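Copied from TrEMBL, the annotated features are:
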- A:1-14: compositional bias 'Low complexity' (COMPBIAS)
- A:1-27: region 'Disordered' (REGION)
- A:33-50: transmembrane segment (TRANSMEM)
- A:62-80: transmembrane segment (TRANSMEM)
- A:87-104: transmembrane segment (TRANSMEM)
- A:110-130: transmembrane segment (TRANSMEM)
- A:137-158: transmembrane segment (TRANSMEM)
- A:182-202: transmembrane segment (TRANSMEM)
- A:233-256: transmembrane segment (TRANSMEM)
- A:262-280: transmembrane segment (TRANSMEM)
- A:287-307: transmembrane segment (TRANSMEM)
- A:313-332: transmembrane segment (TRANSMEM)
Amino acid sequence: MSVPKPSAAAPPANGDGGAAPRRRTRRPVPDEAGVVGVLILLVLGVGLFQPDFLRTGNLLTTAHNSVYVGLMALGMVFALAMREVDLSVGGMYAMGVVVGALLIRDGWNTWLAALAVLALSALVGALNGAVTTYLRLPSFIVTLATAMLLRGVGLALAEGKQITDLPQGDALFRVLGGGELLGVPDAVWVFVLAVVVLTVLFTRTRFGARVRAIGSNPEAAEFGGLPVARTRIAALALSGLMAGLAAVLALAFFIAGDPTIGQGYELTAIAAAIIGGTPLKGGTGSVLGAAAGTLILGAVTAALVFFEVPINWTTFATGGVILVAVGAAPLLRRVRDVRDLRAVRDLRSPGRNP
Amino acid sequence: MLVASGLVKHYGGVTALDGVGITLDAGEVHALVGENGAGKSTLVKIISGVVRPEGGAIELDGEPVRFAGARQAAAQGVAIVSQELMTYDDLTVLENLFPYGAPRRRGLVSTREMRRLAAPVLEELGIDPPLHARAGELPLADRQLLEICRALLLEPRVLILDEPTSALPREAAARLAGVTWRLAERGLAVLYISHFLEEVMRIATRVTVLRDGRVVLPGAGAADVSLDSLVTAMLGQPAAHGAGPAAAPGGRSGTEPAAAPPGRRSPSPASRSPAGCGTSR
């Protein structure tokens, strides 16, 4: 930044920078490039040993299975980027599935019931944000409590049982559950659409910039008058909304309301977001990276089946993959930061040939 | 342009400000000096809307104003560059310039529009940052200049620079001095807070000195005040050798003026500074 323009009124004392030609910086390589590359290499690598893994049907099934936790990971990016965390998404997901199933069983229009689930999830997410903000409590504690509250509500409403007697031929179940477009399940299209919309929201809107700014320097945000409380409430509402959307898709696919669904999904969603380049320290993040992180975890789970790893070891293996991935991420980031720093220094160096 | 009067503020049992007033005129660089704890920071935080006073009033262009926060103060034309670094290091340089409300096109933040708006301000500051680099990758001095850019983009009428050169190398401080004068010539009222008295003497049109939460020297013409009398006003007594109030911790050394504005006196601080008073940087 201290590269002075030729027209600078007050030239620097050493005078060696005044004649530096104006250079344009190239935009840095997107943060997501690494994790998307790892995903592709992983899929191709497994396919090398297990060619059936690369069958379109298998890949689409793997993607479809990843959609639910994936949607939660996308919302989690906003919470983590603000230095918050939302541990309630798993409970929200279970409650959403149960509430949706109950409303439909009670005769509600299925689409209206789906909308009600979305609204309820966003509202509970906003409440998470409001309690965090106004009681000045860590979101970790607040959402840990609401996770149990919500799962408890789901279990109580469903009386601990699956709600199954739903109208299977209804349009919601046919379209969002079993429907396909161009051979790709509709749920996967919803996920793709969510990735696009939330990427734009995170990177190209004032809201997204505020989320990142508050996470980057909360003191400066307070001092500068950014709407910290409002933004936190909105970010956690968005996280809740994504869990609600996952619940609607799950309800449509399973055509049942299972109150025990989604155990541990909140931690998988956090892991996926971190693998995708969203650090716990906030300030930055990647929606596309979180999607890729989810797909990496989904691909590993699927690959373990192909390699006939005993079912009891799959959880262990998934944990190992998460550990390796989150361990490698900072290493890759450090390499990239050093490279970026060199690029900035090169740019600032007046003696460098353009 | 901005008149603050009778400002009172306590922190616990400590009186930070006790009926402080200051008048900032358009086209002037008004320095505010005082020892640590004299009340400078509290005064600028009140004027910039960050802190609310318990008593007193602020008028802007003759109209009483009461700021609910820094953003509201900025909206009314009072911008502050804080002593503490307030950059968002994970955001790009360009995003750092528009934290409150980036220009939008069709509802989305427009990078092109941000560049267009930022270009003249960057030009004025004489800097050419890598706009897509993360702000945290820039050296400290550059991040401080980034904050000044951000304040100028708010098109303020009153600009508060709170210790703006504390982290700047000499050439950057000299450039900032030039910018400060140009802004004043453009009609801005600049309130300039600094520990470096020689810098103050070079840059300021008028000087106000605070001591123990009170004004002890109200808006004196900088040309009419000697460095010795400034030090005496700050301390309440003539400076003892080797125990000056304005010793710069580290930072630049040397006492020559960075650059003198056209038509202004160009003091020779080395000859005017009381020996050992610690006013050099």
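Placed from the backbone N, Cα and C atoms, the Cβ positions cover glycine too.
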Query = With an 8 Å cut-off on Cβ pairs and a sequence gap of 6 or more, do the transmembrane segment (A:110-130) and the transmembrane segment (A:33-50) reach 3 or more such pairs?
reply = no
Task = Determine which recorded stretch among A:87-104, A:182-202, A:262-280 has the most C-beta pairs below 8 angstroms with the transmembrane segment (A:33-50).
result = A:262-280
Query = Thinking of Cβ pairs under 8 Å, which stretch from A:62-80, A:182-202, A:233-256, A:262-280, A:287-307 has the most of them with the transmembrane segment (A:87-104)?
reply = A:233-256
